[in-house]
Amino acid sequence: MESEKKSSSISNFGAWGMNVVSSVGIIMANKQLMSNNGYAFTFATTLTGFHFAVTALVGLVSNATGYSASKHVPLWELIWFSAVANISITGMNLSLMLNSVGFYQISKLSMIPVVCVMEWILHSKHYSREVKVSVMVVVIGVGVCTVTDVNVNFKGFVCACVAVVSSSLQQISIGSLQKKYSIGSFELLSKTAPIQALSLIILGPFVDYYLSGKLITNFKMSSGAIVFILLSCTLAVFCNVSQYLCIGRFSAVSFQVLGHMKTLCVLTLGWLLFDSELTFKNIMGMVLAVVGMVIYSWAVELEKQPNAKTLPHSKNSLTEEEIRLLKEGVENSPLKDIELGQAKV
């Protein structure tokens, strides 16, 4: 029992670690790929299509080699989920373009309370006071270290609302679909990735043209840009798989808290690698956010304890009365031939 619990803890830590490392890595790779000081590949939506195309290819190879098994999920649910996910991606890109960076960060911070409300509406899920307080501490901490100027307009506000609702719904749906169809995280991802890849590669160039005013066909591809695109796609496979793993193992709210840990890592690495400014306000916000994450972990464990006490204890051995009844049942019943299913005399 203890070994199983330890193994589960290691697996959970591995999923969290993979998501943090791959997410931070992909942000750093994309920063070099998309920035004017890098390769100026500003086609974010199309690049996401490439990410899902590589993920779909990995899923196809995995199924073909027997590493993963394909389970049935209705096509309409896959299409619906992919549509919500693509709206989330497009909405986030539009929100970043139309709003200030400060309001974009606020909209991302609002996802935790939105997820909580949606899980309460859809799944009647309730959260303890300790979890609510810890989430607020995390949100305030990340807000202090990331939010600067806040400018908003009507179009940007609508795009931000669509992005937040669709992103929250997508993350809740990942866990719901895994439980509903008893399907693993990688198996679900391998089913949704081809649909997302096809739709984003077709529609992505038009969205990117609206966002940047540039056509991807006019981009002059270099060997360096190709290397970073391949690196971004490789990291995206780990990022996508670990996202599904984390939400399947934990919850959409826990995944959002994890997301803010990645924000802190990005700020720190930006200061170390790209000479980004790190002020006292940033540091205090980061410390507050980390404290909130520690409180959140404690609050989640605290929530589990009452649930564990209410569950009936599983019996490790039979009682003497059960053994006696079992013996009487075997002695008094005719033995059957297992292969023929006939009673022996």
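Even glycines carry a Cβ here, placed using N, Cα and C.
Taken verbatim from TrEMBL:
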DOMAIN    23-297  domain 'Sugar phosphate transporter'
TRANSMEM  12-29  transmembrane segment
TRANSMEM  41-61  transmembrane segment
TRANSMEM  73-96  transmembrane segment
TRANSMEM  102-122  transmembrane segment
TRANSMEM  188-207  transmembrane segment
TRANSMEM  219-241  transmembrane segment
TRANSMEM  253-274  transmembrane segment
TRANSMEM  280-299  transmembrane segment
List, by number or range, the same-chain residues at least 6 past the transmembrane segment (41-61) whose CB is under 8 A from its CB atoms?
30, 33-34, 68, 89-90, 93, 186, 189-191, 193-194, 196-197, 199-201, 203-205, 207-208, 211-212, 214, 216, 219, 225, 228-229, 232-234, 236-237, 240-241
Candidate ranges 73-96, 102-122, 188-207, 219-241, 280-299 - greatest C-beta contact count to the transmembrane segment (12-29) (under 8 angstroms)
219-241
Which listed range (73-96, 102-122, 219-241, 280-299) shows the maximal number of Cβ pairs under 8 Å with respect to the transmembrane segment (188-207)?
73-96
Taken over the domain 'Sugar phosphate transporter' (23-297), the predicted model's pLDDT averages 83
